[in-house]
Amino acid sequence: MNTLANWKKFLLVAVIICFLVPIMTKAEIAEADTSSELIVSEAKNLLGYQYKYGGETPKEGFDPSGLIQYVFSKADIHLPRSVNDQYKIGTAVKPENLKPGDILFFKKEGSTGTVPTHDALYIGDGQMVHSTQSKGVIITNYKKSSYWSGTYIGARRIAADPATADVPVVQEAEKYIGVPYVFGGSTPSEGFDCSGLVQYVFQQALGIYLPRSAEQQWAVGEKVAPQNIKPGDVVYFSNTYKTGISHAGIYAGAGRFIQASRSEKVTISYLSEDYWKSKMTGIRRFDNLTIPKENPIVSEATLYVGEVPYKQGGVTPETGFDTAGFVQYVYQKAAGISLPRYATSQYNAGTKIEKADLKPGDIVFFQSTSLNPSIYIGNGQVVHVTLSNGVTITNMNTSTYWKDKYAGSIRVQ
């Protein structure tokens with residue numbers, strides 16, 4: 001069963017990647033030459049730095065793939081973290097066609113396979129810069145070394161980062177590359193976790209309000225077949241730090257996704273990486289969650305999201321709102337309808353409707369410690385006032401707190 005599941009995951013990623021063959025223009029080739037010079041220069045500046053298993057910065061030291069990832073990042077080229085994953089990208093280069101800036105790959109001595117365990121940056125004339133356990137970052141002529149020439153398995157040329165797609169969600173996500181990972185974080189100022197990044201980006205780019213957790217987002221999105229993936233879709237992964245849906249990233253095109261990585265920060269990663277390939281579960285699209293702003297009640301209600309705090313007894317944006325005060329104010333302002341002041345009376349002010357018949361602008365009630373009214377805006381979402389967040393949007397079908405507190409709905413006309 002596990003073998004079948006893993007095979008399905010492999011096919012899922014393979015279908016996505018097979019469409020992605022980059023073609024370079026003359027201008028991009030010129031830019032690539034400049035990038036190679038920068039990468040080689042950066043690598044030479046790191047000569048003498050110590051070896052460190054898992055190291056990827058000058059401060060801590062470098063392992064082989066950490067060094068390669070670091071010097072390429074200085075040219076704004078984002079590489080996977082492991083040797084094996086770096087070997088999967090770029091263009092294969094024959095030994096006679098090597099240029100400075102190419103990456104050389106080596107297998108374990110005595111191995112009969114072609115799995116790379118070490119990589120290095122080619123700098124010309126048979127020489128390479130790499131990080132070794134015995135001497136740290138050094139220059140070695142691999143052609144004159146029986147060890148390195150005997151374990152050489154190939155080279156890759158990675159001239160430039162593939163361009164991220166020119167769609168609002170991807171362009172917005174790209175702004176936050178480098179922002180630290182913070183568990184529970186959902187803004188650039190505090191940092192992001194994976195679902196916090198997805199939620200924030202969709203709100204900023206498209207005005208789409210997603211649930212907070214990855215598993216809740218997965219539940220409300222539109223399922224997308226791998227062959228139909230497009231930039232701006234969200235890719236979900238399972239069994240990372242917990243069982244089930246547990247991680248998400250925004251597909252950026254060219255087989256890459258932007259994510260808040262628990263081990264790094266907001267970064268660009270490749271779906272072809274062994275780790276992500278084994279964890280990938282599926283794809284979701286959220287175009288269907290666009291708020292129907294043409295509805296005057298919905299339009300008015302969403303004006304105050306994130307702008308107005310909770311205030312006991314509050315009935316205006318200037319003072320803040322309590323739960324019923326918010327609903328009363330929106331209906332009066334948007335539709336000229338005078339509702340009673342308190343939730344119990346509001347519940348009796350309209351026509352009772354079934355949950356399945358809800359339309360944007362209807363009033364939905366939840367029973368917590370008291371009766372809480374909210375305004376339905378479509379797609380299972382409501383605008384309401386909470387003590388902690390003020391005016392906010394909640395998906396009433398996936399919220400762990402509100403989904404079991406549904407008490408009824410009315411339509412006021």
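Each residue, glycine too, has its Cβ placed from N, Cα and C.
The feature signal peptide is assigned by Swiss-Prot to 1-32. Residues or ranges marked as domain 'NlpC/P60 1' by Swiss-Prot on the basis of sequence analysis: 33-159. The domain 'NlpC/P60 2' annotation in Swiss-Prot covers 163-287 and rests on sequence analysis. Positions annotated as active site, nucleophile by Swiss-Prot: Cys194. Residues or ranges marked as active site, proton acceptor in Swiss-Prot: His247. Per Swiss-Prot, active site is recorded for Gln259, and the stated evidence type is sequence analysis. Swiss-Prot lists 291-413 with the feature domain 'NlpC/P60 3'.
The average pLDDT the prediction assigns to the domain 'NlpC/P60 2' (163-287) is 94. The residue listed as 'active site, nucleophile' sits 6 Å from Gln259 (active site), counting Cα to Cα. Under 8 Å, Cβ to Cβ, and six or more positions away along its own chain, the residue listed as 'active site' finds Cys194, Leu197, His247, Ala248, Gly249, Ile250, Val266, Thr267, Ser269. Each residue in the domain 'NlpC/P60 1' (33-159) gets a DSSP state, and the totals come to 37 helix, 39 strand, 51 coil. Other Cβ atoms within 10 Å of the Cβ of His247 (active site, proton acceptor), summed over all protein chains shown, number 24.
The helix, strand and coil residue counts that DSSP assigns across the domain 'NlpC/P60 2' (163-287) are 37 helix, 40 strand, 48 coil.
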